[in-house]
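Here the structure is laid out as structure tokens; the discussion comes afterwards.
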Ligand code: NAD
């Protein structure tokens, strides 16, 4: 049984904590909070030992009546790996502390690949991270791109990808992000950082991306144009995506024609937080024309990277050599559709 700590119990951290807690080969030995808010209180109520990531703020937790087990310095000795889910940019600084303490670290997509050294996606490069000390799980958008591009590349070879990403302006729980009344090219430059990010795990892929922010909170939406080496039929692509774990095909005809309806369906699934860990590809959007594949997909940004964090733990701690077995185990324990 491997011991996992979560540094930063926010949107991603609390989900990774739950995903680790439901596996049978790893356990949560502590989660950290900076602020004594409802998330800190709920972590304690769930039975996760709570540690303060900023020891000088201990008094705030006392004043709030939230019981802590200790400070982050007490947690380092207890973990085999720390999953760092702090806001982008902080993880790279924390990496230096983990190195001093001799603790392995997993980081999230808000960190720069160059600062962490290695990046991870369960389907693209699991084995390349075998035994690694510091690894970054790529961002929600990059995870979504890899989930569908890897099986398509395996099916018929990809010559070149062009993708346009429509990004949510804020997560549902955020109050200070936007836009609320604009469409913002973000970044305004081409290519966006997403293409190079995919190349940190699908090393030889020719991919160029553009992205914009819109006033929505539920999901990201991607539009892909993929030039192929060999031309499959649309049915071949459908069969391949249907057989790919963590990818589902949805149909507008069945009432799933928008991100709102997909997330309504996710709510009906009755999962914790209404998460949709799977990438939803619109079946009707799949088309092959002149050797090029077109499709559209939706990404639940708050949750798609969560199972990847669990697989990344198995790769880094040398717990399961076969990525397919880790993916299967993670999915089964998390109730992910296969
Ligand atoms: P968040 O703001 O929801 O949570 C961050 C948590 O870290 C909060 O609990 C905060 O109190 C805590 N924190 C802040 N400063 C800290 C510090 N110095 N030390 C320890 N803890 C600190 O952020 P998030 O959305 O969960 O994002 C975390 C990482 O995951 C980022 O790299 C982000 O880019 C990435 N990510 C986010 C999403 C998403 O849609 N939210 C998707 C994929 C990846």
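Just so you know, glycine gets a Cβ as well, placed from its N, Cα and C.
Annotated features in TrEMBL:
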type	residues	note
DOMAIN	2-140	domain 'Glyceraldehyde 3-phosphate dehydrogenase NAD(P) binding'
BINDING	11, 12, 110, 168, 301	NAD(+) binding site
BINDING	139, 140, 141, 194, 195	D-glyceraldehyde 3-phosphate binding site
ACT_SITE	140	active site, nucleophile
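Sequence features annotated in TrEMBL and their locations in the structure.
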residue : record                                    : CB count, 10 Å
11      : NAD(+) binding site                       : 19
12      : NAD(+) binding site                       : 27
110     : NAD(+) binding site                       : 17
139     : D-glyceraldehyde 3-phosphate binding site : 24
140     : D-glyceraldehyde 3-phosphate binding site : 25
141     : D-glyceraldehyde 3-phosphate binding site : 25
168     : NAD(+) binding site                       : 23
194     : D-glyceraldehyde 3-phosphate binding site : 25
195     : D-glyceraldehyde 3-phosphate binding site : 22
301     : NAD(+) binding site                       : 22
Do you know the mean pLDDT across the domain 'Glyceraldehyde 3-phosphate dehydrogenase NAD(P) binding' (2-140)?
97
Those binding-site residues, out of 11, 12, 110, that come within 10 angstroms of residue 141 (D-glyceraldehyde 3-phosphate binding site) at the Cα
none
Near residue 301 (NAD(+) binding site), which of the binding-site residues 140, 194, 195 can be found within 10 Å, Cα to Cα?
140
Counting by DSSP, what is the helix, strand and coil composition of the domain 'Glyceraldehyde 3-phosphate dehydrogenase NAD(P) binding' (2-140)?
62 helix, 33 strand, 44 coil
Write down the Cα-Cα distance for residue 139 (D-glyceraldehyde 3-phosphate binding site) and residue 110 (NAD(+) binding site), rounded and given in Å.
7
I'd like to verify something. Among the binding-site residues 110, 194, 195, which ones have a C-beta closer than 6 angstroms to some atom of ligand 1?
110
Looking only at C-alpha atoms, tell me how far residue 139 (D-glyceraldehyde 3-phosphate binding site) is from residue 12 (NAD(+) binding site), rounded to the nearest Å.
11
Select the closest residue to residue 194 (D-glyceraldehyde 3-phosphate binding site) from the following binding-site residues, measuring between CA atoms: 11, 12, 168.
168
Other residues, Cβ within 8 Å of 11, 12, 110, 168, 301 Cβ centroid (NAD(+) site):
140, 171, 302, 305
For the NAD(+) binding residues given in the record (11, 12, 110, 168, 301), what is the largest pairwise C-alpha separation in angstrom?
16
Largest pairwise Cα distance, Å, within the listed D-glyceraldehyde 3-phosphate binders 139, 140, 141, 194, 195?
13
What's the CA to CA span in angstrom from residue 195 (D-glyceraldehyde 3-phosphate binding site) over to residue 12 (NAD(+) binding site)?
22
